[in-house]
Amino acid sequence: MATNSTAYLESLPAVPVWLNKGDNAWQLIAATLVALQSMPGLVILYGSIVKKKWAVNSAFMALYAFAAVLLLWVLVCYKMAFGEELLPFWGRGGFALGQGYLLKQGKLPATTHFRKDGSVETAMTEPYYPMASLVYFQFTFAAITLILLAGSVLGRMNIRAWMAFVPLWLIFSYTVGAFSLWGGGFLYHWGVIDFAGGYVIHLSSGVAGLTAAYWVGPRMQCDKERFPPNNVLLALAGAGLLWMGWSGFNGGAPYAANIDASIAVLNTNICAATSLLMWTSLDVFYFGKPSVVGAIQGMITGLVCITPGAGVVQSWAAIVMGILAGSIPWFTMMILHKKSSLLQKVDDTLGVFHTHAVAGILGGTLTGLLAEPHLCDMVLPVKGSMGGFYGGTGGIQFMKQIVAALFVIGWNLVMTSIILLLIRTVIPLRMPDHELLIGDDAAHGEEAYALWGDGEKYDESKHGINSPNHQLTPTRETDRDTAVGITVHI
């Protein structure tokens with residue numbers, strides 16, 4: 001039936017001919033979903049999964065990183081990650097602020113892929129929406145990477161050192177991985193598959209987190225021995241935001257509301273569910289009962305594992321990846337970590353190395369085996385790419401995935417170490433022991449809950465109305481026979 005609708009027609013100046021409103025709407029939604037993973041998702045998760053005395057500090061580290069990354073992103077870092085090539089692994093930095101730049105059609109100028117004879121194999125990536133949408137979408141990935149890294153150093157890192165670390169690591173580490181694999185760098189043109197950040201985000205945050213944990217030093221012994229979540233139900237709420245937001249994480253990676261985005265979203269949820277169930281089953285088998293925190297860890301490893309291949313593997317492969325994501329990181333965290341003298345020397349507070357680095361490299365290498373040729377041709381610049389299980393050049397693809405992982409590991413290990421060694425010449429990386437003993441109140445002058453101490457149970461002799469520490473003091477003589485003006489001293 002014919003209509004007079006002009007919804008999809010050019011309407012200058014706000015609707016140029018190149019604008020696809022559906023793609024733009026989806027990209028903004030996807031960006032918002034990823035932002036919600038960090039704010040408030042990981043802010044809530046970090047604030048609730050740690051010991052009560054570190055709730056405020058842990059949440060604040062995530063909050064600060066989110067804000068600091070955004071400002072630096074538009075000032076210089078976006079173009080370092082997605083702009084014109086400066087070096088094979090780095091873009092030329094610059095402002096992403098002017099309306100002349102932000103309102104033109106989005107493009108990644110270094111992504112034109114040429115054949116060996118010099119002819120164009122894949123044209124430059126030019127999504128059908130403005131640069132502003134692209135800049136914001138990619139910011140949300142940069143922000144969550146720093147927040148994930150923070151999970152390794154919760155409960156002892158000097159907040160001032162963290163405030164210095166965030167911008168330096170964003171500039172000298174994150175932008176290198178992002179340009180190399182996504183922005184048109186040497187790994188992008190070599191044909192390495194990192195669909196939505198298994199290497200750029202998760203492997204880098206896991207390796208950098210473990211490295212930072214080494215240089216910052218451990219928590220106090222009492223915190224290492226007893227570090228119970230202060231609110232398991234709230235941790236589940238944060239984890240739920242993380243899971244649901246991952247649909248934007250992987251679904252936004254094709255830069256369009258196309259059929260590959262649909263595959264990516266479905267595969268993401270299949271792998272996460274499978275991994276959660278696998279981790280929980282292993283907990284029951286090995287420890288005799290399921291763990292909510294363990295289920296959250298299993299959920300995360302599944303989400304991380306599928307990320308590098310979400311849009312290029314079939315859905316049966318997502319189940320296979322989920323089974324391995326729920327078992328191999330479980331083994332490294334629950335068994336190997338406790339037996340490894342090397343891993344025991346590094347205090348990785350939330351086990352980010354296992355949930356992100358191990359799961360990230362697992363997903364990247366599995367993608368090198370399971371990437372389906374037709375799906376690869378939909379989104380990859382190097383046509384004819386495929387996983388090892390499909391024959392052809394698949395064996396070479398698997399090798400490429402391993403080499404790329406080694407580059408990301410090496411760069412983050414070295415650069416994170418250099419940054420922290422420089423910072424500690426002017427700012428101590430670890431809080432002093434007297435602040436570590438107190439926690440939030442010493443670091444921020446604030447506490448998360450107006451309750452008694454960590455893990456302390458109600459004791460009638462200590463907290464009851466007849467206890468020596470409990471006094472009812474009338475505020476005025478005339479109030480002695482009323483319930484008005486009573487002050488409780490505990």
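Even glycines carry a Cβ here, placed using N, Cα and C.
What TrEMBL says about this protein:
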TRANSMEM  25-47  transmembrane segment
DOMAIN    25-449  domain 'Ammonium transporter AmtB-like'
TRANSMEM  59-81  transmembrane segment
TRANSMEM  134-154  transmembrane segment
TRANSMEM  166-190  transmembrane segment
TRANSMEM  196-217  transmembrane segment
TRANSMEM  229-249  transmembrane segment
TRANSMEM  261-280  transmembrane segment
TRANSMEM  292-310  transmembrane segment
TRANSMEM  316-337  transmembrane segment
TRANSMEM  349-371  transmembrane segment
TRANSMEM  402-423  transmembrane segment
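Take the transmembrane segment (166-190) and the stretches 59-81, 229-249, 292-310, 316-337: counting Cβ pairs under 8 Å, 59-81 has the most.
Of the Cβ pairs linking the transmembrane segment (196-217) with the transmembrane segment (316-337) and spaced 6 or more residues apart, fewer than 3 are under 8 Å, so the two regions do not touch. Contact counts against the transmembrane segment (134-154), taken as Cβ pairs under 8 Å, peak for 349-371 among the stretches 261-280, 292-310, 349-371. Between the transmembrane segment (229-249) and the stretches 25-47, 59-81, 292-310, 349-371, 402-423, Cβ pairs under 8 Å are most numerous for 25-47. The average per-residue pLDDT of the prediction over the domain 'Ammonium transporter AmtB-like' (25-449) is 95, rounded to a whole number. As a quick check, the transmembrane segment (261-280) and the transmembrane segment (349-371) miss the bar of 3 or more Cβ pairs under 8 A, pairs 6 or more apart, so the two do not touch. For the transmembrane segment (59-81), same-chain residues at least 6 beyond its ends with a Cβ under 8 Å from one of its own Cβ atoms are 35, 38-39, 42-44, 46-47, 90-97, 135, 138-139, 142-143, 146-147, 150, 154, 157, 159, 162-163, 166-167, 170-171, 174-175, 178-179, 182-183, 444.
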